[in-house]
Amino acid sequence: MGVLADSQKEGFGSSWGGLKSLVRRKQVDSAHSKRSGHHQLAKELTVPHLIAIGVGSTIGAGVYILVGTVAREHSGPALAISFLIAGIAAALSAFCYAELASRCPSAGSAYHYSYICVGEGVAWLIGWALILEYTIGGAAVARGISPNLALLFGGEDSLPIFLSRQYIPGLDVVVDPCAAILVFIVTGLLCVGIKESTFAQGIVTTANVCAMIFVIVAGGYLGYNTGWAGYKLPTGYFPFGVDGMFAGSATVFFAYIGFDSVASTAEEVKNPQRDLPLGIATALSICCGLYMLVSMVIVGLVPYYAMDPDTPISSAFASHGMQWAAYIITIGAVTALCSTLMGSLLPQPRILLAMARDGLLPSFFSDVNKSSQVPIKSTLATGLVAATLSFFMDVSQLAGMVSVGTLLAFTMVAISVLILRYVPPDEVPFPSSLQESIDSVTLRYSQRISGKNPEANPETSTFVDSSQPLLGNKNVAVDCLITEKQEAQAYWTLTEQNRRKIAGWTIMLLCVGAFGLTFAASNVWIPSLIRLTCCGVGGVLLLSGLIVLTCIDQDDARHNFGHTGGFICPFVPLLPIVCILINVYLLINLGAATWARVSVWLLIGVVVYVFYGRSHSSLLDAVYVPAAHADEIYRSSGDSLA
């Protein structure tokens, strides 16, 4: 019979039932299933649209400031190498995203993948963290537009009164009407349709890219005429050493976060198996190339120690008599912020939509407008919250919380790739309404195995010939010896069940090892003996896990898991393991204050899940059956699954 997801019905007790709900996994959307009562999102996006979303979401105004800070404090003239290393590190996550997005092309991004590969509890935390990421990120970006916009009008106080920031003494806050208005404009644009909003984002992103190309071309011309003064220094190319260059890479890594927005639109892509990997890879390549070229030009124009940390690009041109270039650079910064704002507000309604479809949030968020095929209610809710935050609060001090959501998602996507390759889900959830079909199919399979119905499948059935005696003339002692020998061989043979157990435990210990190694390496306050011990144990777990996963076979089910025919992540298990190590290291180094704030948000999420999500989950009464039985159950029921 099928196995009920709610273990309380199995008699294990309510406490175990509560824990088991955390690991129940949903099915990849298949050709057999459709969501009754829900309209699908519009399939309008192609590769150019995805590139616009990826580049627009990734290249923010930070690059116009980041090059100065990182060059002065970490990398020096080697800033371009720092960007290259960070780009390679981001590409590791991009490879993992590309495979999962093409296999599981549905709204929800990392939340969706975690729900399929890991379980409901982890998926909820990832989705809850992504909600925080996009809300805080959108508000922070909107808050940064008005100061840059004011520069185009002549100065800090040049904006019209209804757009300029105002201090309210009674509330002791500085309100920003411009930020709130821009959020509402972007929200309205997102409600019109995915194709229209992406086209607008493409226009704004093109303006930003043109501004960066101007910096590269004009800066290259100046550097050629002036002899690249920034590279002719007695301190050499690595003034802070190789360690400084790597420290700079860790800092500029956050300039690449944003390409995951492409994965959130997977359900709206016409040909996800082909277009999603191309869109993610092309967007990341363009961003990395632009970052490297801009940094090479700027650190060559001005010595790294003389760069202005606040306006490095504008001051570099001004030092060569091109003050007018500041206007073009400011336009680039404004357009970069606008495209990033659109990239921040676009994914969150789709996260809310996916979580509501799964029953973890109220169904209000899963409604899709019939005409525009956009989740308008979720989009409006997202815009309203982001506009309110950007109007009343300066959320720049909360910017680190944005990175937590992104890095948690990156880490979980890498873990999901390992699970998909070595221990993919071998059971499929079905609604309890199909219990009759499930019982019928399960009974037929049981009869085939026991030999009671050999005609059903003579190739795989085993049955006993009743015309022969059970013992006959065979030597019982010899048979016993042969049986014992076979059992001994089976004990030492790696069966499929044992392989899955070993792979599952290895993946878990890999994560423990990555955390132990990075935590001990990052916290110098830990006593030396304990620190070295933790580093050694963590390193042994990582290396052992890599060796074990490399030696054992990957699961054959990976060939038909989800939607096949798309991108396949290379160098598994090495690539996902390195990705996990990098992302965990960056997570630990975000600081205690950031983690304290995030912990409060995650604790609120736990409360919401316990009192609402767990009891409303669409898998609450699901019946799990072996994946091999799924197609026959679909045919037997003749119904479409919700």
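Each residue, glycine too, has its Cβ placed from N, Cα and C.
TrEMBL labels come from automatic prediction, so no person has curated them.
As annotated by TrEMBL, transmembrane segment applies to 45-67 (among others). Here the transmembrane segment (45-67) has Cβ contacts under 8 Å with residues 79, 141, 144, 148, 194-195, 198-199, 201-202, 204-205, 208-209, 212, 251-252, 254-259, 261-262, 265, 268-271, 275-276, 278-280, 282-284, 286-287, 290-291, 294-295, 298-299, 307, 309-313, 329, 332-334, 336-337, 339-340, 342-344, 346 of the same chain, all six or more residues outside its ends.
Taken from TrEMBL, the feature transmembrane segment covers 79-98 (among others). Within the same chain, residues 67, 70-71, 245-246, 248-253, 255-257, 259-260, 262-263, 276-277, 280-281, 284, 287-288, 291-293, 295-296, 298-299, 304, 410, 413-414, 416-417, 566-567, 569-570, 575-576, 578-579, 582-583 sit at least 6 positions outside the transmembrane segment (79-98) and bring their C-beta atoms closer than 8 Å to a C-beta of that stretch.
Per TrEMBL, the feature transmembrane segment maps to 110-131 (among others). Same-chain residues lying 6 or more positions outside the transmembrane segment (110-131) and placing a CB less than 8 Å from one of its CB atoms are 21-28, 100, 104, 260, 263, 347-348, 351-352, 354-355, 358, 360, 404-405, 408-410, 412-413, 415-416, 419-420, 424-425, 562, 598, 601-602, 605-606, 608-609, 613-614, 617, 619.
Annotated transmembrane segment per TrEMBL: 173-194 (among others), in sequence order.
Positions annotated as transmembrane segment by TrEMBL: 206-224 (among others).
Residues of the same chain lying 6 or more positions beyond the ends of the transmembrane segment (236-257) and with a Cβ under 8 Å from any Cβ of it are 58-60, 62-63, 66, 69-71, 73-79, 81-83, 85-87, 89-90, 284, 287-288, 291, 304, 402-403, 406, 585-586, 589. Annotated transmembrane segment per TrEMBL: 236-257 (among others), in sequence order.
Positions annotated as transmembrane segment by TrEMBL: 278-304 (among others).
The transmembrane segment annotation in TrEMBL covers 324-346 (among others). Under 8 Å from some Cβ of the transmembrane segment (324-346) lie the Cβ atoms of residues 53, 55-61, 63-64, 134, 137-138, 141-142, 144-145, 148-149, 151-152, 182-183, 186-187, 189-190, 197, 200-201, 204-205, 207-208, 210-212, 214-215, 218, 258, 261, 264-265, 311, 313-314, 317-318, 379, 382-383, 386, all in the same chain and six or more residues away from its ends.
The transmembrane segment feature in TrEMBL is assigned to 398-420 (among others).
Sequence-distant contacts of the transmembrane segment (502-522) (same chain, six or more residues past either end, CB-CB distance under 8 Å): 415, 418-419, 422-423, 494, 530-532, 534-535, 537-542, 544-546, 548-549, 552, 555, 577, 580-581, 584-585, 588-589. The transmembrane segment feature in TrEMBL is assigned to 502-522 (among others).
If you look up TrEMBL, you'll see 564-588 (among others) marked as transmembrane segment.
TrEMBL lists 567-617 with the feature domain 'Cationic amino acid transporter C-terminal'.
Residues of the same chain lying 6 or more positions beyond the ends of the transmembrane segment (594-612) and with a Cβ under 8 Å from any Cβ of it are 121, 124-125, 128-129, 132, 360-361, 398, 400-401, 403-404. Per TrEMBL, the feature transmembrane segment maps to 594-612 (among others).
Across the domain 'Cationic amino acid transporter C-terminal' (567-617), DSSP helix (H, G, I), strand (E, B) and coil residues number 40 helix, 0 strand, 11 coil. Listed as Cβ neighbours of the transmembrane segment (173-194) (distance under 8 Å, sequence separation of 6 or more from its ends, same chain) are residues 41-42, 44-45, 138-139, 142-143, 145-146, 149, 159, 162-167, 200, 265, 268, 338, 341-342, 345-346, 349, 369, 372-374, 376, 379-380, 382-384, 386-388, 390-394. Residues 47, 49-51, 53-55, 58-59, 63, 67-68, 71-72, 75-77, 79-80, 82-84, 87, 90-91, 94, 97-98, 101, 209, 212, 215-216, 219-220, 222-223, 226, 228-231, 233, 239, 252, 255-256, 259, 262-263, 269, 312-313, 315-317, 319-320 of the same chain sit 6 or more residues outside the transmembrane segment (278-304) yet have a Cβ under 8 Å from a Cβ within it.
Non-local neighbours of the transmembrane segment (206-224) in the same chain are 55-56, 59, 63, 286, 290, 293-294, 297-298, 300-301, 313, 316-317, 320, 322, 325, 328-329, 331-333, 335-336, 339; each lies 6+ residues outside the stretch with a CB under 8 Å from one of its CB atoms. For the domain 'Cationic amino acid transporter C-terminal' (567-617), the model's average pLDDT works out to 93. For the transmembrane segment (564-588), the residues of the chain that approach it from at least six positions outside its boundaries are 89, 92-93, 95-96, 98-99, 102-103, 250, 253, 272-274, 276-277, 403-404, 407-408, 410-411, 414-415, 417-418, 421-422, 510-511, 514-515, 517-519, 521-523, 542, 545-546, 549-550, 554, judged by C-beta separation under 8 angstroms.
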